[in-house]
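According to TrEMBL, the protein has these features:
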type	residues	note
SIGNAL	1-19	signal peptide
DOMAIN	21-142	domain 'FZ'
DISULFID	C26-C87	disulfide bond
DISULFID	C34-C80	disulfide bond
DISULFID	C71-C109	disulfide bond
DISULFID	C98-C139	disulfide bond
DISULFID	C102-C126	disulfide bond
DOMAIN	202-501	domain 'G-protein coupled receptors family 2 profile 2'
TRANSMEM	288-312	transmembrane segment
TRANSMEM	333-354	transmembrane segment
TRANSMEM	374-395	transmembrane segment
TRANSMEM	430-450	transmembrane segment
TRANSMEM	475-498	transmembrane segment
Amino acid sequence: MKCLNMILLFVTLAIGATAEASVRTCEPIKVAMCKNIGYNQTGMPNLARHTLQVEADVTLQTYSPLVQYGCSSQLHLFLCSVYVPMCTDKVALPIGPCRGLCESVYSRCYPVLRGFGFPWPSELDCSLFPAENNHEHMCMEGPGERMPPIGTIPLDAATTTGRGACRRLVKPNSWVWVRGTGRCAQFCDAEVLWEAGERRAAEVWLATWAALSFACTLAAVGAQLACGDRGGAGERALVLVALCRCAAAAGWGVRAAAGRSAAGCAKDSMSPTRMLLAHDGLANPNCAVVFLLLYYFGLAASVWWVVVAGAWRASVLRPPANPGTARNDRHSSLLQLAAWGVPAALAAAVLVTRDVDADELTGTCFVGNQSSKSLLALVIIPEAICLLLGSVFLASGLRAILQRPAPVPAPTALLNTPPQPHTDQSLLRLGAFAALYAVPSTCILVTWIYEYTWRDDWLAAPVPSMEPSTQPRPAFWVFLFRIFATQILGVMVAVWIATPRLKALWRRISGPTKPAMAKCPAGPPQAPLTLQCYAAHAHTLPRHPHKYATYRPPQHQSYRKPRHYHYSAGETIL
């Protein structure tokens, strides 16, 4: 009997030691969500009875939208302490959260889950965790709830309008409610849609292409002024397109020279020590200057491109005559007023409504960076109208060229008729430029429509769900392509203008080259040639030999039947 009791005692101790050893087995944390949480060792099974970290990782992914919603600053630590608890060799059991940490998270996040129709998970019941941290039951109390930034919205206002709108945005702790503008403003250094590496790459990309565009357009305008050839209405409008693109590139240069904070951020009126992403351009002079250079001259370049397309169409419909040019000159004042006045009116409207805001990616002030309505009304619609008008002019001119009858060859030397009109090379170059310019402009418009369509989804807070989900993010390459297409317009117009202008300037500098004169052979002067005329038919010669002995060409212009003339040397001409 004593032997049986000893055996049972040894078996019980062995089982207890084995169970304790299994609990105390620590391993590195492999769950990406819980790395750098404050500890790097965990033990399985966890407090939710998962035996593998992979199972815990799958469950934690279902809470990712709630973490991004930002209902509690301690939610991240609380979830990791439950599903990936701390493990140390000095304590037999895994170290999870304290009850106070659980109740703090519960009071802030349960209303959010209840608002979306989700219950509080049973494995997160606060009664399962120790009441306090002591030598008998060790647990993590957490750092406590951080006070929200001044101006942010408490949880009980999340369902209201106005201030509660900031809570419905992604990463709500990165936003602040501004009473003056009545909307949410983003902190200057907050990474809401873009990471720091993407911002730096975009700034380098922007500075490179802006510098190239500015240098090319400045050289093209300088070459045009040096040559002094004004050309027609289309050529003059083309030069003004280059001038506008040069000024817009200078706006990008001002942004690069001033820096992100000086050009794209402004002090909060409620807390001057806090910097916000510019949402009122008049509060920052650098922001206002960048906006005026980019928006005004960018839109003016689009209007002048429409003038180029219209002038090309008019020249195609009336190719040889001067009335086309006279008409353009006669209406040049109206064109000037439309090309400079319409962008000025829109820019003034933006300044009056104080709708100038900065972009998070590059920190560049424009209109519609933070307002979808402004983006549609002040950027997309004007650019679409310009693109539509220019395309109509190009299509009409191309149709006129295709329907033009082919020239019929005529004996101009005999009939003394003027030569058939042909299409000027400069006219072809102007039409080709107008068509090529429309391609990058269309791509830029598509990127604006892409941003307008998806911006609200990018900024909306994720909806809590028990299924794994990913927050939609903007495509980085689309915004890089927009920067490239915007600057390549300036490079393209500069190359188109500078190529013939630089050639003409080089000819003027180098001077005309006179062709070498051929030397006449030395010797006695040749005898004058004697023309003899013969009839076209041989049988008429014997009848009238005296009639065709000699022939002198008539002195007046008249039509005669073609005849054959023979020089004395035997050469036949018409």
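Note: Cβ is positioned from N, Cα and C throughout, glycine not excepted.
The disulfide-bonded residues in question are C87, C126, and the one with the fewest Cβ neighbours inside 10 Å is C126. Sorted by the number of other CB atoms within 10 A, the disulfide-bonded residues C26, C109, C139 start with C26, the lowest.
Across the fold, the C-alpha of C139 (disulfide bond) and the C-alpha of C87 (disulfide bond) stand 11 Å from each other. Long-range Cβ contacts of the transmembrane segment (374-395) within its own chain (Cβ-Cβ under 8 Å, at least 6 residues beyond either end) map to 299, 302-303, 305-306, 308-310, 312-313, 342, 346, 349-350, 355, 366-368, 431, 434-435, 438, 441-442, 444-445, 448-449, 451-452, 455. When the Cα atoms are compared, C71 (disulfide bond) and C102 (disulfide bond) turn out to be 13 Å apart.
A separation of roughly 15 Å, to the nearest angstrom, links the Cα atoms of C87 (disulfide bond) and C98 (disulfide bond). Of all Cβ atoms in the shown protein chains, 23 besides its own fall within 10 Å of the Cβ of C98 (disulfide bond). Taking the Cα atom of each, C109 (disulfide bond) and C80 (disulfide bond) are about 16 angstrom apart. Note on C102 (disulfide bond): other Cβ atoms within 10 Å of its Cβ, all shown chains, come to 23. Taking the Cβ of C34 (disulfide bond) as reference, residues of its chain lying under 8 Å away and at least six apart in sequence are, in sequence order, T42, L60, C80, Y83, V84. Each of the disulfide-bonded residues C71, C80 was ranked by the number of other C-beta atoms within 10 Å, and first place falls to C80. A distance of 21 Å separates the Cα atom of C98 (disulfide bond) from that of C26 (disulfide bond). The two recorded residues, C26 (disulfide bond) and C102 (disulfide bond), have Cα atoms 24 Å apart. DSSP places the residues of the domain 'FZ' (21-142) in helix, strand and coil in these numbers: 53 helix, 12 strand, 57 coil.
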